[in-house]
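**Student:** Got a structure for you, questions after.
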Number of protein chains: 4
Amino acid sequence: MPDQAHATDQAAAEQLPATGDLRDTTQPTRRATVPALEAMLHTAMPVLDHGFVRVVDYMGDDGAIVQAARVSYGRGTRKVSEDTGLIRYLMRHRHSTPFEMCEIKYHVKLPIFVARQWIRHRMANVNEISARYSILDREFYIPEPQHLAAQSTSNRQGRGDVLEGEAACAVLDLLREDASRCHDHYALMLGEGGSPEAPESGYGLARELARMNLTLNTYTQWYWKADLHNLLGFLSLRLDSHAQYEIRVYAEAMLRSVRAWVPIAAAAFEDYRVGAFTFSASMLAVLRRQLAGEAVTQAQSGLSRREWDEMQAVLAGGDAMTAA
Amino acid sequence: MPDQAHATDQAAAEQLPATGDLRDTTQPTRRATVPALEAMLHTAMPVLDHGFVRVVDYMGDDGAIVQAARVSYGRGTRKVSEDTGLIRYLMRHRHSTPFEMCEIKYHVKLPIFVARQWIRHRMANVNEISARYSILDREFYIPEPQHLAAQSTSNRQGRGDVLEGEAACAVLDLLREDASRCHDHYALMLGEGGSPEAPESGYGLARELARMNLTLNTYTQWYWKADLHNLLGFLSLRLDSHAQYEIRVYAEAMLRSVRAWVPIAAAAFEDYRVGAFTFSASMLAVLRRQLAGEAVTQAQSGLSRREWDEMQAVLAGGDAMTAA
Amino acid sequence: MPDQAHATDQAAAEQLPATGDLRDTTQPTRRATVPALEAMLHTAMPVLDHGFVRVVDYMGDDGAIVQAARVSYGRGTRKVSEDTGLIRYLMRHRHSTPFEMCEIKYHVKLPIFVARQWIRHRMANVNEISARYSILDREFYIPEPQHLAAQSTSNRQGRGDVLEGEAACAVLDLLREDASRCHDHYALMLGEGGSPEAPESGYGLARELARMNLTLNTYTQWYWKADLHNLLGFLSLRLDSHAQYEIRVYAEAMLRSVRAWVPIAAAAFEDYRVGAFTFSASMLAVLRRQLAGEAVTQAQSGLSRREWDEMQAVLAGGDAMTAA
Amino acid sequence: MPDQAHATDQAAAEQLPATGDLRDTTQPTRRATVPALEAMLHTAMPVLDHGFVRVVDYMGDDGAIVQAARVSYGRGTRKVSEDTGLIRYLMRHRHSTPFEMCEIKYHVKLPIFVARQWIRHRMANVNEISARYSILDREFYIPEPQHLAAQSTSNRQGRGDVLEGEAACAVLDLLREDASRCHDHYALMLGEGGSPEAPESGYGLARELARMNLTLNTYTQWYWKADLHNLLGFLSLRLDSHAQYEIRVYAEAMLRSVRAWVPIAAAAFEDYRVGAFTFSASMLAVLRRQLAGEAVTQAQSGLSRREWDEMQAVLAGGDAMTAA
């Protein structure tokens, strides 16, 4: 959707100061620099219908992880490991502090209900548009029809089949109409020319009060900055197939930037975290029996039905959570 | 509003497990115990129209602050300070770690737009009702008429005069109708008997999607736990006369619990933080000239107009921010 | 070593205020209370030659974890899970916030070089004896002969065989003599009757300077408070067979208190964290081939030699790190 | 001391990987860049006898603070404040999140007893040389004679007069001899050619054990990374006249880098934090009486003797703490 991307980009450039002009100029620096990430800098990756993720700044690279890990070893142990092996070792053994030496800052536009999930990750720095000061734009997230899922019957927090036909239309109409009406009334309450929709007939209500009339799919924006260790923690939770679709797409856009930025760490992350599975002590005991040729059943395994299903799903090449 | 308090309390007892039965039973403990806070435990303090704050658990007392501070001094310096003097000294000089030895846990019911401000305080532990799993109650915050303020003309984030007459009625109607309609449609989208409002005719939409149709004045609930140092940081910002009224009332309820819990620390906090003002180096220079009898004007002061006004407001016995 | 334990306990009771008198008195409380942990409260568990760990305060229990997890589900999903299953589910899927609702405070006496490792865990509250104010006791950690290990030849950070005979004696003598001499000179520099060792002939040096003459095996003390999630993170690293022995023994004493405090969470932790192993995406691929009956060699596995060895060690019933 | 600086620099370049070669090359970047800080990058500022502070990387500038603050205001309020005024306003009212958008990374060489104070600031990322893996260099901090202070008689944590003559010589000899002997024995215990000092006659003790014989003035090194808000918190405590001299000199070197990096924020910090004083509610009441021409005595003031002295010291143009 190149047009939309462009439009979003435009809007953001208008709304937020001082980034547009950075795009075309470069400065010399003696800091570690990553050309692949430089190429993405300041350019919005479109997400959902009106959202985006844009890398605004960064610090460090794969080399900074190695440098921090090597300070532990000092002189005596310098030549030992080759960088890739070292980064993979750190990731496998959850030695997190070297990854904290890299930092990245994003500018994100996202629906409020997504922002509410996101903000639960506390180890980050955030500056969000305040609706006490500013008037929020008339932009809401309306799902694409193919993402309009029914409640899962097997999984309390999940999605089931896609809604179709009249039901889908009815739901989309309700979402669109309610969000629009709520924003129109928001503008009306603010009144006094505060918005084009209610040029003269408004009530002049304080912004900090009027905002409570907005729906949770209204878009907001923030700067969000985190170190690589905490970013990977965020991604490992939000890339999961059971994360809500509307936040997973942000995580996927961010993963693209991580691959450009720290390719070795990103590959280690995908191997050891995203695609990995942790076997408990009890599961390991079952595994050893199976590898020794024994045919173990759930009843004999000592595992609960749920754990057994998760383990078998993984061994069958699937995803532990799909068994849940 | 005792009836309301009781009703709120009931609702909460219904909704959340395992607290009701703790109210009437006691257990012996060898931990530090504060009778005045025990008396408040598990009882909701009503806030706004449907919200509340309730102390659910705590750890430590004024003595724990002293104990932690004294570990620094060890044997050699034991008898020196009397407890109150020591706690006041720690507060005055922002020695924060001894205050971190006390911990408190609240159960809070609050509108989502207040929750969004609150959660910006990151140094706390939070478990919130998830609308991915649960269906949120049909309860919204509708301001009392006397809190329905116009946008301040002088202060971009503040409130001005109270709206009156028809304007007030119109705004309250809009808030009430929009919140109600949005929740009705939320229930309808969830459908399938998921709510009394739409017993059979719903669309079965996934909860994680349907929630986006709710307005920001819908109530949510959480457990919120923090140490005393971080709680006081939260309170000092949210008790401020320029904090939004709707969060300030929560801070005020929590301050009542802090006074019961750690009376010495609470008094020191109110003297050194809530009622205090920090003079910059430039302001101190002006102050010294004034105390020496010189009549200093803003032009001669080296202070900006804004700083000058803040300083004069404080010296006149007011609040720095009222000058802003 | 009951005598030593008693002596240690005495010394601590002397040195730190206000805990001794709490041991024999109980107060009624309406908070969650854990009798098994109450029984351990205020009593030092001896660790190393002069150290100890003592639980001083706590907040919450297994029920508080469940209560926090259930707030997510609200009314609609109340009866579903039985507590143990829920806690195990939370642990398995690393849902950490409910575990943050429990808090514990320890009083610890430990050598400075152990304190330096320990303090790297940042998500905790600490108040340590300050040698700027206090004079540190003449107590040093001297290893038991069976813990006097040679440098491992295979593992850069590990221990190899135990030193024996003359070498062991020589090392112990050096440690003892150097620590003693340094503390004697510390006392001498402080002088002026500041210590019994140098009653009149000291130099009156500032404490904050004199302390730099102490060796890293000198004992210090602190209060250390953390929530259960962060405590388990600390324990999972420090219980590991490759953690340094001198910190592992502290972790083991703390694990005993966790078992008394939150037995369900502790059991889940030992199954899913302590005894667990995470298979990477590449390892899972190998595992699936092996379970299908294929005989896979390292060369065919796509794993590095190190990863292969770690995986095989685990499948053989051992510890991944012993292969490292 | 240019020679020393150069030598230190050399040693560090040898010991730590990958920084030396960054000094002379530049890369183009589209990130915010600060020429004055670029000029300092990778160059050690000598501190104490063998220590240094060196800026290794950074992210953001004064503009990033403004950008983050302005996201709050959005479109509607764009032109309002001029940058300096806005940054000063943020600093004065302790709006900390915009300052968190800037990040800086230092490489620091410092005595262990200083590292122990420093590490208490938890909101930072740290990677330190590990003496489990590496052998620490034979370098100790020995104070210059003019910093060899006696214990203060009035202030429990402070320094009094400088030691002179024989006492000074004796103390310096003790410090030098004990540190040297402890390091010699450390090398001897490590043995087996692990160090030039004990080429053949060592005992082969594990590094993680041998290190406990070192004195607290032995130098260590780390990478330390923090955001600007937390860095300023560190500096405000450690620049204080009552911070220990040996850490204050590190803070002073870091302040120089902050002035180069974010000159507007640094100036605001020095005015509103370093040179500021907070008057409590009770002090403000006294101040108002004094400004109204009343001669208030301590007895009439309602302040404790200590508070009164602190307040008078500040009003006399001094430092609150000198009265303590």
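In case you wondered, yes, glycine gets a Cβ from its N, Cα and C as well.
Since we're looking at a predicted model, the values are computed, not measured.
TrEMBL feature annotations, pasted as is:
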type	residues	note
REGION	A:1-27	region 'Disordered'
BINDING	A:Thr97, A:Arg120, A:His121, A:Arg122, A:Glu128, A:Asp227, A:Leu228, A:His229	FAD binding site
BINDING	A:Gln117, A:Trp118, A:Ile119, A:Arg120, A:Glu128, A:Ile129, A:Ser130, A:Ala131, A:Arg132, A:Arg211, A:Arg238	dUMP binding site
ACT_SITE	A:Arg238	active site, involved in ionization of N3 of dUMP, leading to its activation
**Student:** Which of the listed binding-site residues (A:Ile119, A:Leu228) has the least company, meaning the fewest other Cβ atoms within 10 Å of its Cβ?
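**Tutor:** Checked A:Ile119, A:Leu228; of these binding-site residues, fewest Cβ neighbours within 10 Å: A:Ile119.
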**Student:** Can you list which of the binding-site residues A:Thr97, A:Ile119, A:Asp227, A:Arg238 come closer than 8 Å to chain D, going by CB to CB distance?
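**Tutor:** Out of A:Thr97, A:Ile119, A:Asp227, A:Arg238, A:Thr97, A:Asp227 lie under 8 Å of chain D.
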**Student:** Could you find out if DSSP has A:Asp227 (FAD binding site) as helix, strand or coil?
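**Tutor:** Assignment for A:Asp227 (FAD binding site) reads strand.
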**Student:** If you count Cβ atoms within 10 Å of the Cβ of A:Arg132 (dUMP binding site), leaving out that atom itself, what do you get?
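**Tutor:** Its Cβ shell of radius 10 Å holds 19 other Cβ atoms.
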**Student:** Between A:Gln117 (dUMP binding site) and A:Leu228 (FAD binding site), what C-alpha distance do you get in Å?
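**Tutor:** Here the two Cα atoms lie 19 Å apart.
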**Student:** Measuring Cα to Cα, how many angstrom lie between A:His229 (FAD binding site) and A:Arg132 (dUMP binding site)?
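**Tutor:** One finds 33 Å between the Cα atoms of these residues.
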**Student:** Give the three-state DSSP assignment (helix, strand or coil) for A:Gln117 (dUMP binding site).
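**Tutor:** DSSP assigns A:Gln117 (dUMP binding site) to helix.
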**Student:** Express the distance between the Cα positions of A:His121 (FAD binding site) and A:Arg132 (dUMP binding site) as a whole number of Å.
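**Tutor:** Between the alpha carbons of A:His121 (FAD binding site) and A:Arg132 (dUMP binding site) there are 23 Å.
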**Student:** Closest to A:Ser130 (dUMP binding site): which of the binding-site residues A:Arg120, A:Asp227, A:Leu228, going by Cα position?
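**Tutor:** Of all the candidates listed, A:Arg120 is nearest in space.
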**Student:** Sort out the sequence-distant neighbours of A:Arg238 (dUMP binding site) for me: same chain, 6+ apart, CB within less than 8 Å of its CB, listed by position.
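**Tutor:** A:Arg238 (dUMP binding site) has long-range Cβ partners A:Ile247, A:Arg248, A:Tyr250, A:Ala251.
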**Student:** Using a Cβ-Cβ cut-off below 8 Å, which of the binding-site residues A:Thr97, A:His121, A:His229, A:Arg238 are near chain B?
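**Tutor:** Contact set vs B: none.
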**Student:** Cα-Cα, whole number of Å: A:Arg132 (dUMP binding site) versus A:Asp227 (FAD binding site)?
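**Tutor:** Distance (Cα to Cα, whole Å): 29 Å.
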**Student:** What is the number of other Cβ atoms found within 10 Å of the Cβ of A:His229 (FAD binding site)?
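**Tutor:** Its Cβ shell of radius 10 Å holds 21 other Cβ atoms.
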**Student:** What number of additional C-beta atoms lies within 10 angstroms of the C-beta atom of A:Asp227 (FAD binding site)?
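**Tutor:** Around the Cβ of A:Asp227 (FAD binding site), 25 other Cβ atoms lie within 10 Å.
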**Student:** So, three-state DSSP: helix, strand or coil for A:Glu128 (FAD binding site)?
**Tutor:** strand
**Student:** Could you state the CA-to-CA distance between A:Ile119 (dUMP binding site) and A:Leu228 (FAD binding site) to the nearest Å?
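**Tutor:** Just about 17 Å between their Cα atoms.
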**Student:** Could you list the residues of the same chain, at least six apart in sequence, whose Cβ is under 8 A from the Cβ of A:Thr97 (FAD binding site)?
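**Tutor:** Looking at Cβ-Cβ distances below 8 Å from A:Thr97 (FAD binding site), excluding near sequence neighbours, one finds A:Ala68, A:His229.
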**Student:** So if I measure Cβ to Cβ from A:Arg122 (FAD binding site) and keep only same-chain residues at least 6 apart in sequence, which ones fall under 8 Å?
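**Tutor:** Correct list: empty, so none.
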**Student:** Enter the number of other CB atoms within 10 angstroms of the CB of A:Arg120 (FAD binding site).
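**Tutor:** A count of 13.
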**Student:** Sequence gap of 6 or more, Cβ distance under 8 Å: name the residues on the same chain that satisfy this around A:Glu128 (FAD binding site), in order along the sequence.
**Tutor:** A:Ala115, A:Thr220, A:Gln221, A:Trp222
